[in-house]
Amino acid sequence: MTSGNGSSPVPTAATGNRTQNGENKPPQAVVKPQILTHFIEGFVIQEGAQPFPSHRSRAVLEVGHSSLLTGAQEKYQQSLLAEKVPQQDNNTTTTTTDSEMEETLVPGFPESKGDGDPPKLKCELCGRVDFEYKFKRSKRFCSMACAKRYNVGCTKRVGLFHPDRSKLQKPTVAKHARRRSRKTPLQTVGADPKKQQAAPVTPMNPGPIPSPSALKLSNSQEDSSRCSDNSSYEEPLSPMSASSSLSRARQEHNVEPPNLHSRDPIAMSQDFLPSDPTKWNVEDVYDFVRSLPGCQEISEEFRAQEIDGQALLLLKEDHLMSAMNIKLGPALKLYARISMLKDS
């Protein structure tokens, strides 16, 4: 009895606990497929009722795998080509260098415009064709030496570039006229004596000094000639006026030549040199350069370099500045004189 009584209350407690646990648990919701909507940045996004099919993802995976395989194959082929190309380059080095030299030497050769080749430029001064990265600043010249030579040629506008002969025909006429006007007094002395009589006597070189009696006679003759001129222009000349005119003509005949010491040493040196500059020897060139103003020190350099007349006519500004270490000012003056010799 005791066991029955003792065991009987146990199920009652268990049932009480079960009822209590059932009351305490919240009701579970049934999971059903629902269509959800999202509102993101002004867009209404609605989810699908069914998931995406699985076969589509497999196709995407297959495409990605095939692209990876093709990429690996291309890399392998490129590595094989890279190994073969150096061997071919070693075998054909001589042929490629010869062809490149022919392209650079032949004028007007078309430049190679390959897809992988960098662009090439041509120097405006020396005509050298080279890659663009080797050209400096303005991309016009291949080196600083070419740029400096171009600037020197532009400042003087002579020497480095040969202008058209048709453009030089008109200025030569003016140059010849200037040379005629620059004739030295020694050349005028050797001219016709009739022209010398017409020329007025310079006060620097007067004729022989007359005696006091001759001065009185000449004064009286001048007074008589003035009176005769004022009286009438149609009257014949008096013997006094005729004698005065004769004395003046004699004075003009007795005019002494101009003093050679007061002449320009440049003109004197050029008069003693041969007329053709190409026939000058080293000493003639030395005398010519020494006679120029401010070029006495440079003349020794011309003698040391053994420059004759033909070499003198071939000189340029860059030769004078670079080879002979002459400053810009004397070099430009000297080149101007050389250009005058060329034109003459």
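From the backbone N, Cα and C atoms, a Cβ is placed for every residue, glycine too.
All protein chains considered, the CB of Cys123 (Zn(2+) binding site) has 18 other CB atoms within 10 Å. For the recorded site, Cys123 (Zn(2+) binding site), the DSSP three-state label reads coil. Annotation source Swiss-Prot lists Zn(2+) binding site at Cys123, Cys126, Cys142, Cys146, citing sequence analysis.
According to Swiss-Prot, the compositional bias 'Polar residues' annotation covers 1-23 (among others).
Look at Swiss-Prot and you will find 173-183 tagged as compositional bias 'Basic residues'.
Annotation comment: Swiss-Prot describes 216-233 (among others) as compositional bias 'Polar residues'.
Taken from Swiss-Prot, the feature compositional bias 'Low complexity' covers 234-248.
If you average pLDDT over the domain 'SAM' (280-344) in this model, you get 82. What Swiss-Prot lists as domain 'SAM' is 280-344.
Sequence annotations record features per position, and here Swiss-Prot assigns region 'Disordered' to 1-28 (among others).
For 165-269 (among others), the entry in Swiss-Prot reads region 'Disordered'.
Sequence annotations record features per position, and here Swiss-Prot assigns motif 'HD1' to 25-53.
Residues or ranges marked as zinc finger by Swiss-Prot on the basis of sequence analysis: 114-148.
In the structure shown, across all protein chains, Cys142 is the one of the binding-site residues Cys126, Cys142, Cys146 with the greatest number of other Cβ atoms within 10 Å. Residues Cys123, Cys126, Cys142, Cys146 make up the record's Zn(2+) site, and a Cβ search at 8 Å around their centroid adds Glu124, Leu125, Gly127, Arg128, Phe141, Ser143, Ala145 from the same chain.
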